[in-house]
Amino acid sequence: MAANVIPLAYQGNTSAAVPDWLNKGDNAWQMISATLVGLQSVPGLVILYGSIVKKKWAVNSAFMALYAFAAVLICWVSWAYKMSFGDKLLPFWGKAGPALGQKFLVRQARLPETTQFYSNGEVETAIIAPFYPMASMVYFQFVFAAITLILIAGSLLGRMNIKAWMAFEISPIPRDLSAFVPLWLTFSYIVGAFSLWGGGFLFHWGVMDYSGGYVIHLSSGIAGFTAAYWVGPRSKKDRERFPPNNVLLMLAGAGLLWMGWAGFNGGDPYSANIDSSMAVLNTNICAATSLLVWTCLDVIFFKKPSVIGAVQGMITGLVCITPGAGLVQGWAAIIMGVLSGSIPWFTMMIIHKRSTLLQKVDDTLGVFHTHAVAGLLGGIGTGLFAEPELCTLFLPVTNSMGAVYGDGMQLVKQIVGASFIIGWNVVVTTIICLVIRLVMPLRMSEEQLLIGDDAVHGEEAYALWGDGEKYDLSKHGWYSEDHTSHDKTSSGATQLV
């Protein structure tokens, strides 16, 4: 073969399905990354949620995650993708429209509002137009949106009215539009995504969020905490005793979460660049460091290494590195891991127990600490440690760098960006919860709180009973010829012993 002849497989227009702009490697990695992030949610968080809660809530917790994944996808392709990454309507919001047509999905991906200009009008950084089809971009960004809603669910497990979470009731009042998932996606997630990633005002100002420390984790932690306040707490008995029903299965879900984070942080939406490789390595360095630090603190202060604590440390490390995964060096990832394994531990184990507000709000899985605190910490850490050469590989604003390299203004930008995300989510999540409350209860009935999965879904994860759970023979489809082993209570329910 002549030295100057390009192999056929690498030539453009080898078929109608291979246009000359398509880079097969970029497209393959983008789809793999999207799949890895999707696996974090389904089955990763489905398994984690279903196993980390009390057994009477296993089905409900897993289903909230599974439902959100499916519902977000339909909303995403119907209107939400273009609001997040399409043409600008407002500085923080894009124009709505479907992402379903063949002409749109098979053309080269591009984000129309991402061209960066100097103050004199000259182009500073060209429009984002990676070498893969729009369909890959739509799906890749969908899995990020889906996991954000699923993370919010972690704050609400064990008591949120499933009908308020879902969108399915048929009635004269349009209740399908008053469910939490589509409302929060539309009025909160989209704002963060467009502002920071899609060409909004924070994107062009130069706020750094490599893979979603603000868009996903800070927003889900704040929104989950806010929603938990309005939904109200679990039953008193569940708050006092809420043991995981299967610790080993919980570890399996956590493992999927960790390994899937390679796609989360390594899936550069622009192309499979060298910063993607840095991001994957930094992600694992920070997660491992954070897990070890959290475990050491548990041993020092509580005399035992907690498996649940180790998982929490792993998660805070993964979250903390996310804003700067491809922007910081390995030594900075270790520092961020030490911080993410200690500061969220302190807020969860010390401050939480002494704060009246934190005690009042029942954040079931501590999403505020593991995602909001760790996400904010990561954003600030990125403002400190972002390395100039790595910044040029990713950011639209040239000459960006962290404070330790000489640009203290970057730290200010990170704090302002975080403040916008926090403020927007507190206000909008509050409004959404109050609107839903006008239509239906946010919290389950006392009977459902008492019984759990069988009362809510008519299904159970395990055919085992204990912990004083009550079971109503007349309502939940269970019958036995021999009732002598059951102690009837005055309420008509059955106390199983």
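Placed from the backbone N, Cα and C atoms, the Cβ positions cover glycine too.
These features come from TrEMBL:
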- 28-462: domain 'Ammonium transporter AmtB-like' (DOMAIN)
- 28-50: transmembrane segment (TRANSMEM)
- 62-81: transmembrane segment (TRANSMEM)
- 138-158: transmembrane segment (TRANSMEM)
- 179-202: transmembrane segment (TRANSMEM)
- 214-232: transmembrane segment (TRANSMEM)
- 244-264: transmembrane segment (TRANSMEM)
- 276-300: transmembrane segment (TRANSMEM)
- 307-325: transmembrane segment (TRANSMEM)
- 331-351: transmembrane segment (TRANSMEM)
- 372-395: transmembrane segment (TRANSMEM)
- 415-440: transmembrane segment (TRANSMEM)
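In this chain, the transmembrane segment (307-325) lies out of contact with the transmembrane segment (138-158); the count of Cβ pairs under 8 Å, excluding pairs fewer than 6 apart in sequence, is fewer than 3. Relative to the transmembrane segment (28-50), the listed stretch 244-264 leads the set 62-81, 244-264, 276-300, 372-395 in CB pairs under 8 A.
Among the listed stretches 276-300, 331-351, 415-440, the one sharing the most Cβ pairs under 8 Å with the transmembrane segment (179-202) is 415-440.
Long-range Cβ contacts of the transmembrane segment (276-300) within its own chain (Cβ-Cβ under 8 Å, at least 6 residues beyond either end) map to 29, 210-211, 258, 261-262, 264-268, 306, 309-310, 312-314, 316-318, 320-322, 324-326, 328, 330, 333-334, 336-338, 340-342, 345, 349, 390. Listed by sequence, the residues of this chain that lie at least six past the ends of the transmembrane segment (415-440) yet keep a Cβ under 8 A from its Cβ atoms are 161, 163-164, 169, 173, 175, 178-180, 183-184, 187-188, 191-192, 195-196, 202, 205, 207, 209, 214-215, 218-219, 222-223, 226-227, 230-231, 372, 376, 379-380, 383. Same-chain residues lying 6+ beyond the ends of the transmembrane segment (244-264) with a Cβ under 8 Å from its Cβ atoms: 32-40, 43-55, 58, 144, 211-212, 280, 283-284, 287, 307-308, 311, 314-315, 318, 322, 461-462. Across all of the domain 'Ammonium transporter AmtB-like' (28-462), the predicted model scores a mean pLDDT of 91.
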